[in-house]
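Accompanying notes for the structure given below.
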Amino acid sequence: MVNDNINIKQKLKKIVAKQANQFKYQRFDKKKIRDMAEIRRRPFFKTILNIVHRFVVLILRFIFKNIIYGEKGQSVPPIKNLLLLEPATTLAMKIRTKKITSVEVMQAFIERIEEINPIINCVVDERFAEALKEAEEVDKLIASDVMTEQEILEKKPFLGLPISTKDCISVKDLLNTGGVYHRRNVRAKEDSTVIARMREAGAIPFCLTNISELCMWYESNNTVHGRTNNPYDTYRIVGGSSGGEGAIQAAGASPFGIGSDIGGSIRMPAFFNGIFGHKPSREVVCNKRQFPAPFTEEQRNMLSTGPMCRFACDLKPMLKALANKEHIKLLKLDEPVDVKKIKVFYQENDLGGYLVSQVDKDIQEALKKVANYFKNSLKNEVTRVEIARTKNTAAMWFANMISKDSPSFSEQVAEDPDGKINGFVELAKWMFGKSNHTFIGIMTSLTESTSVQPGSIKHKYLLSERDKIIEEFREMLKDDGVFLYPTHPCVAPYHNEPMLRTLNFSYTALINLLGMPSCNIPLGLGREGVPVGIQVVSNYNNDRLCLAVACELEKAFGGWVNPPECK
């Protein structure tokens, strides 16, 4: 009995102490309680909002499709010049072996741009005259036999080929606006590192392509150059921010190009336009002389510059030309990959991300076809996974982007270098067609102050969640695994429709958080006559696995599709 009384007293003391601690916590750390409560918002409330959001999206999709736009939009004319249907590496081989000239190739792509640009508005600046002169010099060099074919292949593998890139990547003497109105007359004083490296490899920059305002949206539209249209359906978007680059590649008006990607800006345009787009492992390619530039370590880890092209065989030689010398050995790009020995993991959706669209049926079917191809045709080990943290991708990405030391969107787009735009004033001006900013840019300005605050409990929590999901992926993929995942939950939306699907970019943003390589792989056209595809992800510096899978799936499913004839 005595022992029982002692035990009861001890338990009572523990309960009293616990309650005292809770009281102390509540009394002296109310802010922490509020922050934690914000982190653990009621799932029921979010579920209701998701249901309402999906209902609104369905209604507005019906309005866009049947009332605003009606029939399918225009598509670009079919490609007639057979040179435009060759991979970049094949064209380069034919130039150095004197089967065709660099001038012939340059002229063919310039003529194609002149044919399609009035329809889709993807090219915003050019240096055609200079590029043709440089092509003439290439032809003279090859005719002189100063260099053997093998020497050209080793030192200048892309000799004589035109190359395009997006407005935010510096090309000497061409515009470098970043889609920002006050920079409308800014021209690059020197080449970006990636353009310099492609020049060293023999390529000739010949045009610049459209982007979104400050590269911060997934529709390529700005008040400097206007809006770019999808080559398969002009009523649809091309993605962003490398949207003009995705469109020019899909239309067959450039043999290859360069994009940049901090939240999906290579892979989303590649997906919407049905081409290949590879986001390399973090730090593999130099991002120097781009506008806007990353400001923090987290932003630098998420931003990658990489190749965009119609044919999978061009990805590896492009990455070799672009990559930092110190990373070439780590990438082991020349090491053979046995695709049949790769372990394949796949996830069909983000498991219910907040205000993120459900995955389209065409994309679900494409993902399953690829998984079944690996399982049944190649006999790979294939595993379906459910990584719970993927549903919180958008919140983690925004937390990763924010820093006390980074200038805000409002500051970067302002005319006054020491000021910032007033979102409410710009919204009023926009309603009368007087603003120098896009509607989505103005809304970004108005809402950016509502983001999670740097250093807050919630911010720290989201960064810890990021670290945990990185570890999950590293443990899953190791050195012999790839992860198949939708590039985007829906095929190319109609113009302005992304404003209702703001967080759909989270499917690509996830991989930027990880810092891992990812490649969009086109898988033909879906029921709506626009491209479908998926992304393949591998562990750090295992880019060669992504590229090998891209080549395998192009062979199995056909890859890029020539746009249908113009109406």
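The backbone N, Cα and C atoms fix where each Cβ goes, and this holds for glycine too.
Taken straight from TrEMBL:
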type	residues	note
ACT_SITE	LYS166	active site, charge relay system
ACT_SITE	SER241	active site, acyl-ester intermediate
ACT_SITE	SER265	active site, acyl-ester intermediate
DOMAIN	104-547	domain 'Amidase'
By a simple count, how many Cβ atoms lie within 10 Å of the Cβ of SER265 (active site, acyl-ester intermediate), its own Cβ left out?
35
Return the residues near SER241 (active site, acyl-ester intermediate), defined as same-chain residues 6+ apart in sequence whose C-beta is under 8 angstroms from its C-beta, sorted by sequence, else 'none'.
LYS166, CYS168, GLY179, ILE211, SER212, CYS215, MET216, TRP217, TYR218, SER220, SER260, SER265, PRO269
Averaged pLDDT score, the domain 'Amidase' (104-547):
97
Around LYS166 (active site, charge relay system), how many other C-beta atoms are within 10 angstroms of its C-beta?
33
